[in-house]
Structures are given as C-alpha cells and as structure tokens.
Amino acid sequence: MGLSTSPFAKYWKAIKESPPGIYNRKLMFTVFVYALSGSSRGWDEGSTSAITQLKSFQKQFNVSPDKDDEIISNIVSLVNLTAGVGALLSFLLNDRIGRRWSLRLYLAIVAVGSLISTLSYGSIAALYVGRLVSGMGIGALTVTGPMSIVEISPRLTRGLMTLWFNIAMLSSQMIGIFVVYGCNRNISPTLNLQWQTPFFVQTFIPFIATFLSFFVDESPRWLCMKGRVEGGLEALANIRGCARDEPHLVAEFDSINEPIQLELAEYGEDTLVSTIRETFGKRTNLRRVQLTIVAYILAQMSGANSITNYLPQIFGYIGVTGTDAKIYSSGFYAMAKLGCCVLASLFFVDAIGRRKSLFIGITIQMFCHVYLGSFLNVTGSGKSVTTGASDMAIAAIYIHALGWAVGLYSLPYLFGAELWPNRIRSFGGALSQCFHWLFLFAITKATPSILSSMNKWGAFVFFAVWCFIALVYCFIMVPETSGRSLESMNRLFEHRWYEMRKYAYEDIPVGKEDPAAEDKDEERGSVERVERI
C-alpha cells in the first residue's frame, strides 16, 4: 500500500475537499472554549494528591501520610464520588437551559468548591464539603464539554476536536503537578499559602472559560430540539463560517433538523418519562447503553488510572527513589500522556478509525502490563536484574501512556457523546459518565488492595487479562463511527450484537458523501444525494 492510498492520505485528502471555510477561527474558538471545561478535572487529578504531601497542609490539617491514610484517601477520592452524581444530574439542565448556560453553571460550581477548599483553614469537614461541591461541577462538565463539541464539529474531524477536551484535561493535570512542586520549592512550609495556592489557582480556568463562553454560539442541534429552527440555522452558519443559503450548509442543516423533528413527532415533548422510555425502550438505544458503560468499565479495569493515581508508589517498586525523582517522573508521565493524546487526535481516531485505534492502544497496554508483571515477579523473588531491564520497566510505563491515550482514555469520552440520538444525547452521556466516575472511585479505592494482595506483580497480570478481554469485546461489539454524521449512527445498531464485526466498517464515508442522506432516503423516499460536510 503506497502512501497515497494509506488511511492518513485518504483522510487528509477528504478534509482538503471539504467546503471552503468550514475549519475557521469561529469553529476553533468555540471548540476551545468547550474543551476548557476539561481543565477542572485535570487540575484536580494532578494537584490534589500532591497537595496532601505538602508539609504546610499536613501541619494545618494535622494529618500524616503514615497515620491518616484513610483521611488523605477521602480528600483525594471524594470528588470522584460526587462527580458521578453531578454527571447523572446534568441532563436535567443540559436540555433545559442549553449547552452554554449549563457550562457556565457547572464552572461556577467548580469555582465555589475550590474556594471552599482554599478557605477551609484546618477544618477537615470544610475541606470535605469543598471537595464534594467541586466534584458535582467536575462530573457535570465531563458530560457537557464533549457533548457540546460533538454537536458542532464537522463529521470528518469530530474525533480530533472532541479530544481537545482530553488534551485540556492532560495539560492542566501536568501543570497542576508542577504548580504544587513549585509551591513546595518556593513557598515556606510555615505558610498556609503553600497549600492554598494550588486550590485557588483552580478557580482561574472556570472564570476564563465563563467569560469566553459569551462569545460562542449555542449548539444548533439543541436550538432545533427547542423549536428554534431559524436560530439553529443561524448558529450553524456562524460556526461553519458561511452564508445561510450555501448549498452544503442547507444540506447539513436539513440532515440535522429533519431527524430531530421526526423524533419529536414520535416521542412528543421532551420529558423525563419520554427520555427514559426512548433510552431503555428501544433495542438500538439499549445497545448504546451497553456499549458506553462497558467501554468505561474496561477503561478502568485496564489499569491505566491505577498507574496514574499510584504512580510514585509504582515507580518505587521498579527502582525509582527519592521524592524529587518521583515528582519529576510523575510530571514527565503526565507530559507523555499529553503528547500521546495529541498524536492520537491527529493521526488515529479519525484517520484510521475508532476500532483500529482501540486495537492498537489496548494491545500496547497489555504488553506493557505483561512486562511490568514479569519484571516485578523477578525482583520480588530476590533475583537481580540488569540495568537495562530496570530501564525498560520505566520505559514500559511511558509506552503504556501511548496505548492509553490512543485507545481507552480517549474513545470512551467520544463514544459517550457521539453515539446517541439527538433527543437523548444529554441523558445518555450523563448515564455513561455517571458509571465512569463510580468505577473510577471504586478502582481508586481498590488499587492498594489489588497491589498488596497480588504481590504487586500479579496486579499487572490482572490488568493484562482485562486488556485481552477488552480486545475481544471491541472486536465483536464496537462499531466504526469515524466519518459518519451523528444522525446516521442509528443504522449501526440495527444489526444483532454478534453481527457487529460483520457490519463494523459498512458504508463508511471517506469523502464528500454523507451517510445521513441514506437514512433520509429510507425514511422519506428517494431524494437527491448532495455533498455534505
């Protein structure tokens, strides 16, 4: 296969043939603003556990890592518990007040929680309250951010643009780690300012993103669902950077609005009962529920978040010693994940597709786990290992970051936002994110027990087995969604589950043709095919 016929060449050729002007500054700015909502989670994940290691924090709250590990664990993990609640409840507002006002509200909740934590001054109870409040906002943002990006992105770059949310998470995670490190090095441990600064800085992004949100358009799909069809057309024209009467814009808008009107005619007004009935009463939607929830289960059981959350401890297992060395290693691991996520967004999820990205990413994870398990089994038995073997163990952790970024880190967020019909996208995303946060909370609490009960090396074998299970599941059950319009997703779930592999790559558009037109042919009779983005 020559370079000119490779998936990458076909992908970039299709983008170049897209209508002129659709990849414009307005689109990029809007995606950027919604992607900033991922920063709150990333900052929290990168900074909180490190804050608990600061001497000023331990003195102010009278805690010690050696004696009060349960309290410290609660401080770090409570946010995951309420994030699940916030994610689930977010659908009640996302479809009522719109994507922009939902974004602003959830950002405000995160900022309030961070301020409570900043001003807790030695009160564990107040700190718990701050963490719980922050979690509510962070969880809701993991629904609204990806969903909003999915709804405004051109189909050919929907994966790339949705991964901006993940890139924002990883960027802020990396910055959070180094900000805490900087506070540790440059602010006296006798000052409360040392631990308060990272908590307070977390409020900056919510304020910036809220301000910028007043300069972006509302989701055209949400406007159409609310009967504001003219407003939806105007918003789409602004985001696509073209006039309202451009043929490709009219065609795209029709492919968005007409299925929405059909859904409204079938299910009536948007109510909680009708949403639940549509989600759990149709076989095709039940398949979506199963796929998104299982994707998040497999993501957690693959061991990546266990490595992230307990990375300094795991580095200690493979021979990295010294506090500074562990912090640097953790920071560079965050940098590695960020770089790998950027690569995944540019060269994998859209260019070669979701399924192949999952296969590549999970396989890399699995082999890294096998090596780490084998290495720890040898060192645990008292046998000596070469310097090269130790260096390879460290490298395996960083290579693992590539597999995680390409596969099970990025794609569940994308699936949770893009697979659903317009009317239940908010509820479906909220449901899948709720399970994501609950599984994350569970695996975070369980990882120390898994490591100790399985003599460290067995834990990595355990994770490798789950990676193999994930490969089998993806091969049988996961469809290919890259390049498809959101409105054409339903046809992928009309087949029986054991037939998914057979139809996984069925009729994937690679250029100008939009599969949504086929759905309209089936539903309304033969219509003329048009070029669509």
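Indices start at 1 and increase along the chain as displayed.
Here the Cβ of each residue, glycine as well, is placed from N, Cα and C on the backbone.
Unlike curated entries, TrEMBL annotations are predicted automatically.
Per TrEMBL, domain 'Major facilitator superfamily (MFS) profile' is recorded for 30-482.
According to TrEMBL, the feature transmembrane segment maps to 71-93 (among others).
Annotation comment: TrEMBL describes 105-126 (among others) as transmembrane segment. Here the transmembrane segment (105-126) has long-range neighbours at 37, 40, 60-63, 71, 75, 86, 90, 93, 97, 132-138, 140-141, 144, 192, 196, 199-200, 202-203, 205-207, 209-210, meaning same-chain residues at least 6 beyond its ends whose C-beta is under 8 angstroms from one of its own.
Sequence-distant neighbours of the transmembrane segment (132-150) (same chain, 6+ residues past either end, Cβ-Cβ under 8 Å): 31, 34-35, 37-38, 40-41, 44, 78-91, 93-94, 99, 102-103, 106-114, 116-117, 158, 161-162, 164-165, 202, 219, 413-414, 416-418, 425-426, 429-430, 433-434, 436-437, 486. Sequence annotations record features per position, and here TrEMBL assigns transmembrane segment to 132-150 (among others).
Annotated transmembrane segment per TrEMBL: 162-181 (among others), in sequence order. Within the same chain, residues 31-32, 34-47, 50-51, 54, 145-146, 149-150, 153, 197-198, 201-202, 205, 327, 330-331, 334-335, 337-338, 341-342, 344-345, 349, 405, 409-410, 413-414, 417-418 sit at least 6 positions outside the transmembrane segment (162-181) and bring their C-beta atoms closer than 8 Å to a C-beta of that stretch.
As annotated by TrEMBL, transmembrane segment applies to 193-216 (among others).
Taken from TrEMBL, the feature transmembrane segment applies to 291-311 (among others). Same-chain residues lying 6+ beyond the ends of the transmembrane segment (291-311) with a Cβ under 8 Å from its Cβ atoms: 45, 49, 76, 326, 329-330, 333, 362, 365, 369, 397, 400, 404, 408-409, 411-412, 415-416, 419, 428, 431-432, 435-436, 439-440, 442-444, 447-448, 450-451, 459-460, 462-463, 466-467, 469-470, 473, 477-478.
If you look up TrEMBL, you'll see 331-351 (among others) marked as transmembrane segment. For the transmembrane segment (331-351), the residues of the chain that approach it from at least six positions outside its boundaries are 7-8, 11-12, 46, 156-160, 163-164, 166-167, 170-171, 173-174, 177-178, 181, 308, 311, 357, 360-361, 397-398, 401-402, 404-406, 409-411, 414, 482-483, judged by C-beta separation under 8 angstroms.
Taken from TrEMBL, the feature transmembrane segment covers 358-380 (among others).
The transmembrane segment feature in TrEMBL is assigned to 392-415 (among others).
Here TrEMBL flags 457-478 (among others) as transmembrane segment.
The region 'Disordered' annotation in TrEMBL covers 512-533.
If you look at the transmembrane segment (358-380) against the transmembrane segment (71-93), you find fewer than three C-beta pairs under 8 angstroms, all six or more positions apart, and that falls short of contact. Per-residue pLDDT, averaged across the domain 'Major facilitator superfamily (MFS) profile' (30-482), gives 90.
Below 8 angstroms of C-beta separation, residues 291, 294-295, 298, 301-303, 306, 354-355, 358-359, 362-363, 365-366, 369-370, 372-377, 380, 408, 447, 450-451, 497-498, 500-501, 504 of the same chain, each at least six residues beyond the ends of the transmembrane segment (457-478), sit close to that stretch.
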